[in-house]
Each structure stands twice: as structure tokens, then as C-alpha cells.
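Feature annotations, reproduced from TrEMBL:
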- 21-38: transmembrane segment (TRANSMEM)
- 25-474: domain 'Major facilitator superfamily (MFS) profile' (DOMAIN)
- 58-78: transmembrane segment (TRANSMEM)
- 90-110: transmembrane segment (TRANSMEM)
- 116-136: transmembrane segment (TRANSMEM)
- 148-166: transmembrane segment (TRANSMEM)
- 178-201: transmembrane segment (TRANSMEM)
- 214-241: coiled coil (COILED)
- 319-340: transmembrane segment (TRANSMEM)
- 352-370: transmembrane segment (TRANSMEM)
- 382-407: transmembrane segment (TRANSMEM)
- 445-470: transmembrane segment (TRANSMEM)
Amino acid sequence: MGYHIDEASSAIPKKPKRNKYAFMCAILASMASILLGYDVGVMSGAAIFIKRDFGISYVQQEVMTGVINLYSLIGAAAAGRTSDWIGRRYTMVLAGIIFFLGAILMGFATNYAFLMFGRFIAGLGVGYALMISPVYTAEVSPASSRGFLTSFPEVFINFGLLLGYISNFAFAKLPLHLGWRFMLGIGVFPSVFLAVVVLMMPESPRWLVMQGQVGEAKKVLDKTSDSVEEAQQRLADIKEAAGIPITCTDDVVQVPKRSSHGKDVWKDLFLHPTPSVRHIIIAAVGLHFFQQASGVDSVVLYSPTIFEKAGIKSDREKLLATVAVGFTKTVFILVATFLLDRVGRRPLLLSSVAGKIISLLLLGMGLTIIQHHDHVRLTWAVGLCIATVLSDMAFFSIGMGPIAWVYSSEIFPLKLRAQGASIGVIVNRMTSGVVTMTFLSLSNAITIGGAFFLYAGIAAISWVFFYVVFPETQGRTLEDMEGLFGNLLWRFSKQRKIERNDVGNQVQLGTNGEV
């Protein structure tokens, strides 16, 4: 499993055209992420009307809003095992079915307890979708466009978020007891669509090999690779990782039991990890923790509250402003998809976090000034708050947002990938749940401006963490990822100097199937 470099050739190979089949598979798989985006977006506005309809307290409101992230932990934890058992594709179907049931229950909820049960069911579906979508996409993507394709789940999270915001705005004029029910209940449509379109997709070639279906895996790899040579190399690498002799040419083979269903995976991840796996776990957990601990979901879920604190009082104006938030996130995540395989993961991540730090500091300053001049409308401060909310969303979406899913879905070894990715989702949703379920209480305790100063401090710590710990993975095959890790102080290691010298060659090799 090495790099085959033709030293006699000095010509730089031409980058191949994007594989259309892999592109379509990535789009269909990433649609699962719409479920999370829609729920987050729609609840930001629906919560306003639910609070009035059911007469709940602000503590119940923040629990109702953020608890789905904790519920999704169960789905994410189960999805790793489920995807190894029934396959990546049918796990996505299951995610759509579960969310469908949750949306129905929420739409027909007659009281707060009933609504919370519906959110529990929907949370399970969200957890399944969040874990499996990036894993499947990474496993069907050729190395040359894996960053581009694996960022699609974040694209569809943002698309779902925008749909949720638009749904809020569209149904805001309905009677109080009907408006929020339509907002939540309409979530059945993306879940049904997901369950249907997923059946059009092939199964993950890596999962097929894990089941011994090498012939079927070869067919999928032939369609999703940039060249015949790359398909052959990808198959050889997957077979080696699964414990199948590379020389074996049978279409159906007996796979060692340990590789079939992830037996002993948790031991390999936590009890006896290699230095490389330990580094990978720290990188994945740290990335997902800091992505959420820096407060992005507080901005997304409570944007109407933030705009109200900034001086916007009309419900429709607040909801219209949140549509601008969703539109900004969607536009910049689309920009990020084209930069991930051109610029690389590290530069985008570091610049994204730096932009967030500045935006959060300015937002905290604007809200603090407005709070101390509540008897006077400071138009410039209101404009500053709106602008910095949008800039925070833009900087998040261009780097930190998509890279969390791209990076954690590509760095784990094959036999650890499903469960390893589920760990990232668990940390992501747990952190988001804590942040969103405490935002209103935190704002009351240290002021809303102080809350964003705190988020800015966490973002600054994350920048140092990413700078020191993260190697660049651009252009590497999934089977070669483990070799990049093993030294936590990557930035200062000899390995980093070697990586800097040869990464250009690896990117080029990754584009023409010679890796």
C-alpha cells in the first residue's frame, strides 16, 4: 500500500473530469442531512409560537429547542452498528422512516409532553442521518474529489435550514394553534423523498467488500473511480484493509469475522489504540467539539431572539432576517465545496475559525452596546449585529462547518470508520445539545453579549488546537490516511516537513488513479 511515483515522467498529469456517477451518489446520500437542517431551522421560529400556544417557560423552550441534539446521540450510536449490519444504504432509508414518524407526532402534538416525545423520535432519525451520510459519501468518492463530494452533507444541512426558515416565514400568519404544526409537520416530505431516492443508489463498495461481495464492489468502484487503474488500486487497498488477500479474484469470498461486523472495534478505538488511531480520535473529537462549542447552533436556533435583542421587534421581520441567515449559510457552503479540493482542509479551517473569532467579538460588542442603551435605538449597532450574525454564518460555512464532516469521515481506518464517525456525531450533537439548551440561561446570567464573548474565546482556543494537531488530508486515499497520524504535535514534527514536501505529488497522483 505505497505510492507508485513515475520518476521518469516530469509532466504534471491533467486533472480528470468529475465522476458524474459518484457525484450523483453523493448528492442522493447527502439528502439525508436535510432532516437535521430542516428541524433546526424550523424550530428556531416554531418555538416562538409553541411558547405562546402551550404557555411554556423559557427553560422549557430552550430544552425543547436543543434536546433533539441529545436524542440524536442514540441514533448516531446505533447507526454505526446498524450500517455495518444492514449496509450504508438501508441505514439511510431507516433514517428517513424514523424522522417521518417524528414529524407526524410533532405536528399532531396536543401538549408539551406529546411534542417532546415526537422530538425524541425525530432525534433518532437525525442521528442516523448525520452519521451515515458522510460515511457513505466518503466511501464512494474518488480521492481527487472526495473533499468536494464529502462536503455535500453540510450543503444539504444548510439547504434544510433554509427550507425551515422559509417554512417559518410562510406559515407565520396562520392561526397560532395551526402555524407551528404546519411548520413541524411538513418535515414528512423530505423524509419520504429521502427514503425513496436512496433506493436508486448502489451500496458502498467498502461495505460490500466487508461482506465478501468483492464482485459487486468492483462494479461500483469501476463506476465511481476516475480511471480503471484507480478502481483497481482502490479495490486492492480495501481488500487489504478487510483482510482479504489482494491476489484473490473471486467475486464472493469469506471475510474474517472481525472485519465483517466491527467486532472488537471499540477496543481498538479506546482500550488499545495505536498512536495513529489515538491521534485520529483526538482530532475527530476535538473538531466536532469545537465546531459546536463555538456557538454556531445558538446563532442558528436563537437568531430570532438575537435579532429581538438587537432591536427588531416584529415577528415577521425577525423571521425574514433568519431567512437571510439561512441564505448566507447556503451560499457560502456552496463556495466551500469548490475550495476543499483546491485549497485544502487546513487553510480553509484556520481561516474560517479566524473569521468566526472576529465576528463573534463584534457581535458580542454590538449586543452589549445595545443592551446599555436600551432606551435609544442605535441603528448602526443594529446593523452591526445583523452583519456579524451573517458573517459568522459565512465564515462557519466556508470551513469549519463542512470540514468537520469531511475530515472525520475520511481519517478513520476502514474497520473503524462507521463507529469512529459515529463518535464524532455523538460529540457533535452532545455539545450542540448542551450549548443550545443553556443559551437562554447563559444569556440571562452573563448577558447575551457576554455569551458571544465566551464563544469567541472558545473559537480562539480551537484555532490553536487545529493549527497544532491537524495534518492535511487533501488528495490522499482513504486507505493511506492512517499514515498521516501518530504525532499529536503534527505542526512541529518531522512528518510535517515530509508532508509539506510531497503533498503536491500526492494530490496529483490522487487525481489520476496512481495512488
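Easy rule for this one: first residue shown is 1, then count along the chain.
Cβ from N, Cα, C; glycine included.
Heads up, TrEMBL stuff is auto-annotated, nobody curated it.
Computed from a predicted structure; not experimentally measured.
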Tally Cβ pairs under 8 Å between the transmembrane segment (148-166) and each listed stretch (116-136, 178-201, 319-340, 352-370), then give the stretch with the top tally.
-> 319-340
Contact between the transmembrane segment (352-370) and the transmembrane segment (90-110) (at least 3 Cβ pairs under 8 Å, separation 6+) = no
For the transmembrane segment (178-201), find every same-chain residue at least 6 residues outside the stretch whose CB is under 8 Å from a CB in it, and list them.
-> 25, 28-29, 31-32, 34-35, 38-39, 42-43, 45-46, 49-50, 53, 89, 92-93, 95-97, 99-100, 102-104, 106-109, 118, 122, 125, 129, 160, 163-164, 167-168, 171-172
Can you tell me the mean pLDDT for the domain 'Major facilitator superfamily (MFS) profile' (25-474)?
-> 86
Residues outside the transmembrane segment (90-110) whose C-beta sits under 8 Å from one of its C-beta atoms, at least 6 past its ends, are 29, 32, 35, 75, 79, 82-83, 117-126, 128-129, 132-133, 136, 181-182, 184-188, 191-195, 198-199
Against which stretches of its own chain does the transmembrane segment (319-340) lie, if we need a Cβ under 8 Å and a gap of at least six residues from its ends?
-> 41, 44-45, 147-148, 151-152, 154-155, 158-159, 161-162, 164-166, 168-169, 172, 299-300, 303-304, 307, 312, 348, 386, 389-390, 393-399, 401-403, 406, 474
